[in-house]
Amino acid sequence: MNIHEYQAKALLKGYGAPVAEGVAILKVEEAEAAAKSLPGPLYVVKSQIHAGGRGKGKFKELSPEAKGGVRLAKSIDEVVAHAKEMLGNTLVTAQTGEAGKQVNRLYIEDGADIARELYCSLLVDRSVGRVAFVVSTEGGMDIEAVAHDTPEKIQTIAIDPEAGVTAADVAAISKAFELEGAAAEDAKTLFPMLYKAFGEKDMALLEINPLIVMKDGHLRVLDAKMSFDGNALFRHDDVKVLRDETEEDAKEIEASKWDLAYVALDGNIGCMVNGAGLAMATMDIIKLYGKEPANFCDVGGGAGKEKVAAAFKIITADPKVEGILVNIFGGIMKCDVIAEGVIAAVKEVGLKVPLVVRLEGTNVELGKKILNESGLAITAADDLDDAAKKIVAAING
C-alpha cells in the first residue's frame with residue numbers, strides 16, 4: 001500500500017525526522033490560508049499523486065509550456081495561481097503512463113535553501129536477507145537513470161538486524177554521502193530513526209529523494225515516498241486509514257476485497273491462474289506468442305466458487321480485455337470448483353470475448369465435464385502451450 005508524500009512526512013516527523021512545515025489542501029479556496037500559515041517567503045506547491053517524476057510531468061489540460069506538478073512560488077498570490085492550474089487537472093509523468101492521474105490534493109510546503117541533493121532509500125535486500133540503505137550523492141533526479149548510466153555512484157549498506165544501525169553504519173552512510181559538520185551530526189540520529197520507522201511500520205520501501213543538505217549545513221527530508229507490506233496492515237490501523245483509493249485501480253480495489261492477488265497491466269489477454277509462479281509462466285507464454293497480458297491474477301490455492309466468480313468478473317470488467325485464458329493446475333484447488341465459478345460468472349456478466357480454459361490436476365475430468373455440459377462457448381486446451389496458441393489465435397481471428 002502506498003501513501004502520499006505529505007502523509008509520509010507526517011509519519012517521519014512523528015519519529016523526529018527534520019521536515020519542512022507544510023499543509024495539504026483539497027480545494028483552491030484553501031491555498032491562501034495554507035500559504036499564510038507558513039513562514040515563507042518561498043513556497044513549494046506539490047501535486048499529491050502516487051507516482052514519481054511529478055516535477056518533470058505535464059498537465060493534459062494545460063499548454064506544453066506550462067510548469068509541471070511541483071512548482072516554486074515566491075508569493076501567496078503565486079501559490080493560489082498554481083493551485084488553480086493544478087487541482088483537478090491530469091498530471092502525466094514517466095510513471096503514470098499516457099492516461100496520467102488526476103490531482104485531487106496539493107501539498108503546500110515552506111521552501112528550503114538547498115546546498116546539496118542526495119538520494120536515500122531503505123528496502124529489503126533479498127540478496128543478503130537484510131534491510132539496506134541505498135544511497136547516492138546524485139539526488140533529486142531519476143535514480144533509475146543514475147543506476148543505468150553511473151552505477152558506481154550508488155552504494156548499498158546492509159544493516160545487521162540484531163545490531164540495528166550502528167555507529168559504523170552511520171559512518172559508512174555519511175561517507176557515501178560525503179557529509180561533514182552539522183550534516184554528519186544530524187546523520188547520527190536521522191539514519192537510525194529511518195531504520196526504526198521502516199521496521200516498526202512494516203514498510204516495503206522508504207525513499208527520500210531528495211534528502212538535502214541545506215545552506216546552514218543541516219539535513220532535511222525534502223520528499224518522501226512510502227510503500228507498506230499489505231500482509232502486515234492488520235497490525236497498523238494508523239497506516240490503513242491513510243489509504244487513498246482514488247489513487248488505485250478500481251479493479252485492484254475490488255480484488256483486494258476478495259483477497260485476490262491482482263495487478264492490472266496494459267495488454268489485452270485476461271489471465272486467471274492459481275499460483276504466482278504459474279501466473280508468471282502464463283504471462284510469459286502469452287508474450288512469447290506475440291500478445292500482452294491484461295493482468296496478473298492469482299486466485300490462490302483454496303479459492304471457492306464465489307472467489308473464482310469474483311476474479312472472472314473483475315477480469316471481464318477491463319475494457320482492454322479481448323480474450324481470457326484460465327490456466328489452473330489443481331492441487332489444493334479443485335478443477336470442478338474452478339469450472340463452477342467460471343460458469344457462474346459467465347451466466348451473470350455474459351461472455352463477450354473468447355475464453356480458453358486449461359485444467360489439470362484434482363478433479364480435472366469432472367471440471368472438464370462441467371464446462372462441456374454448460375453449453376457456453378468455452379474452448380478447452382490440453383496444456384499451457386496449446387492454451388496460449390488458442391487464445392492468441394482466437395483474438396487474431
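Using the three backbone atoms N, Cα and C, a Cβ is placed for every residue, glycine included.
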Residue in Lys46, Lys101 which Swiss-Prot records at the ATP site where Gly53, Arg54, Gly55, Glu109, Ala112, Glu117 also bind:
Lys46
Gly331, Ile332, Met333 bind substrate in Swiss-Prot, but which of Asn268, Asn274, Asn396 does that record place at the same site?
Asn274
For the substrate site built from Asn274, Gly331, Ile332, Met333, further residues of that chain with CB within 8 A of the site's CB center:
Gly275, Gly300, Gly301, Gly302, Ile328, Phe329, Gly330, Lys334, Gly361, Thr362
Per the record, ATP is bound by Lys46, Gly53, Arg54, Gly55, Glu109, Ala112, Glu117: how many Å separate the farthest pair of Cα atoms?
20
Greatest inter-residue Cα distance in Å for the substrate-binding set Asn274, Gly331, Ile332, Met333:
10
Whole-Å Cα distance, Ile332 (substrate binding site) to Gly53 (ATP binding site), is 43
